[in-house]
DNA sequence: AGCACGCCGACT
DNA sequence: GTCGGCGTGCTC
């Protein structure tokens, strides 16, 4: 018996199955989808069994047996194995990357080099002895000095030391010491009597146990409750009053929270119509994709909940994706409230262990609904009944490193596998999805009204050029300042939005015009006043604020541009009575701080919630009556064909935060380009006219959804090398693709250097290009066999979410 | 001769 | 990706 194994090595010639002999003792147990340890070259690596067979073409002298079978229950389902092949083809990634992306990171291998002493008669050199410090075995870290490493290598060769790789799972299953108390009271009594009166503590413990016969309790809890020590407990166990067992437990991030269960809400006609179309298709077991276009506050979530309820009736499972879920506890809570313990939550705020435990609950079918961010689309359910992507237009559904998959594509693939519907929901659908819905590839469902018929908030656009002309140089227009004062008087809440964190976005010398740039990236450093530092938002570089110009030594250094920190200060100056909560990457770094800020705001502990785009989505507080967008221009002028679309989406989403309940909402948008159609249409909540206008632009410049694009990015530490290979790539594409494709570039990327690597890119635009998969595969091969060795890094992104 | 370093190819 | 093998060139 042989197993085809994909080994945990990402390299071009390795990117295929290797055949291994299955040892006798594993023949009954092994299944495809299990992890194994295998000898590979002269080391041990982790691998995934993708198939079993009785024959092989591999000559006998090259056949090696599997070292160890790691899973009795395979970690990969058959569906995942099929999905892997599809992912590999469609994202041009290594098969091993496709496999690993479907599993929680806890299951990834952790390789350790273990150094041991073989010959004790040899005196080891001082430096090696220091490493061992009397121990028999130590872990050898790669960051030891070169001299030491080569010395060790020599000693290993001479058989004085031994070097082995150990493979461990990154995070283990959490276990607790569980005490099982003897259930036979008589026997407990006997034990009690047998304990000498001197062992008072032991008597106490057994006495307590006699009140709790047959119960189970976690060892630590028992010790705490009886304020005793492990020694006492051990003695009691030895006498037979209880037994100790290691038991698996789940780390539960929601352990200390209780929630009131909610029941179905009554649906509006529109909601009902949408739901019955979905359920119809569900009943027919169609793999149909719905685009649920519902204005903000129109009750999309209730439609999701009731569609899921239908699937649960048949004991099928549901996957719900939300964009970066930890940002929207309000959203996850709605699922927890409706479906209680049937819900697993997967998001980036959980620890590796917590994610692993949620994953195991899903795998074992202990939960039926998973709510999670992008990677939750790989939830290991076996009987999926419905898949939902909320805010389907969000860029976070596209993974921006290998494998560069889009959760929407995976969702549709899985829906075809399980014959179940997919619901894509949004108030501002992506142009791609809306175009597909109009063409009939997706089924369009529309919710044009809010359930309680609340009006959409009034949006006014303020021309900041006029403010400047009238002598107002503040970042608050008169209109916005007035509106803020009104809310402060009425004790209503506000959300202020600015898509830029930090204090000032650049530091400029007024004498020579120098802007302080990051030493590793071609990007200006942002001033952060709280730590009195300047930071690069791309690579994390930090340094002291210069007091003189690094170029000309002038002291006329000034800070320009506005970030959330500066706005916070301005609010304190202009509205001293206002209580402000700032929410951006800088204030939400700690685990749970996100929820904490929102909780404070929900309890009315602040008047103003000031933040970056993380506050644009999902907030639902009844007392918010004003939303202020301090500058709508930040996203509008990016060098990306989706800039207008992103701006429209953002404005519509933030506007939706106001007036969701009884009180009417107002939105004030400040901009230097009020005439721009994205701002105009967002002002009037006009998605369809915006869509039509934007489609005309896309058509004119041949951008998606009229074409498909592929972004190819080349980076290297040396500019000339970067440019050279970018040209090579572009020329190769021009020579090999048909003239149905347009190849743009190479050009320097808009951030031309990042983390000390220069960046060039080219773009392929095509409507139909039958040769594309083949050509890209060949380009990848050239890169992996040849260019990589020269330090070039190349990435190919099909349907990139941004071309910057 | 003895070894450091870089390049090449193999890995079931 | 990571190892060993092998060639080149430098040093004692």
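Glycine is no exception: its Cβ is also placed from the backbone N, Cα and C atoms.
Given the structure is predicted, the values throughout are model-derived calculations rather than measurements.
Taken verbatim from TrEMBL:
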type    : residues                   : note
BINDING : A:509, A:512, A:549, A:552 : Zn(2+) 1 binding site
BINDING : A:518, A:521, A:536, A:539 : Zn(2+) 2 binding site
DOMAIN  : A:281-447                  : domain 'Helicase ATP-binding'
DOMAIN  : A:544-696                  : domain 'Helicase C-terminal'
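Within 10 Å of its Cβ, the residue among the binding-site residues A:536, A:539, A:549, A:552 with the fewest other Cβ atoms is A:552. Between the CA atoms of residue A:539 (Zn(2+) 2 binding site) and residue A:549 (Zn(2+) 1 binding site) there is a gap of 22 Å. Here the binding-site residues are A:509, A:512, A:518, and the one with the most other Cβ atoms within 10 Å of its Cβ is A:518. Taking the mean position of the Cβ atoms of A:509, A:512, A:549, A:552 as the Zn(2+) 1 site, the remaining residues of that chain whose Cβ falls within 8 Å of it are A:510, A:511, A:513, A:514, A:550, A:551, A:553, A:554, A:556, A:557. The Cβ of residue A:521 (Zn(2+) 2 binding site) has 21 other Cβ atoms within 10 Å, all protein chains considered. Take the mean position of the Cβ atoms of A:518, A:521, A:536, A:539, the recorded Zn(2+) 2 site; other residues of that chain with a Cβ within 8 Å of it are A:517, A:519, A:520, A:523, A:525, A:537, A:538, A:540, A:541, A:754, A:755. Cα distances from residue A:552 (Zn(2+) 1 binding site) to the binding-site residues A:518, A:521, A:536 are smallest for A:518. Note: the Cα of residue A:518 (Zn(2+) 2 binding site) and the Cα of residue A:509 (Zn(2+) 1 binding site) are spaced 15 Å from each other. Cα-Cα distance from residue A:512 (Zn(2+) 1 binding site) to residue A:536 (Zn(2+) 2 binding site): 22 Å (rounded to the nearest whole number). Following the DSSP three-state reduction, the secondary structure of residue A:509 (Zn(2+) 1 binding site) is strand.
Mean pLDDT for the domain 'Helicase C-terminal' (A:544-696) in this predicted model: 89. Cα of residue A:521 (Zn(2+) 2 binding site) to Cα of residue A:509 (Zn(2+) 1 binding site): a distance of 19 Å. Reported as a whole number, the C-alpha separation between residue A:549 (Zn(2+) 1 binding site) and residue A:536 (Zn(2+) 2 binding site) equals 18 Å.
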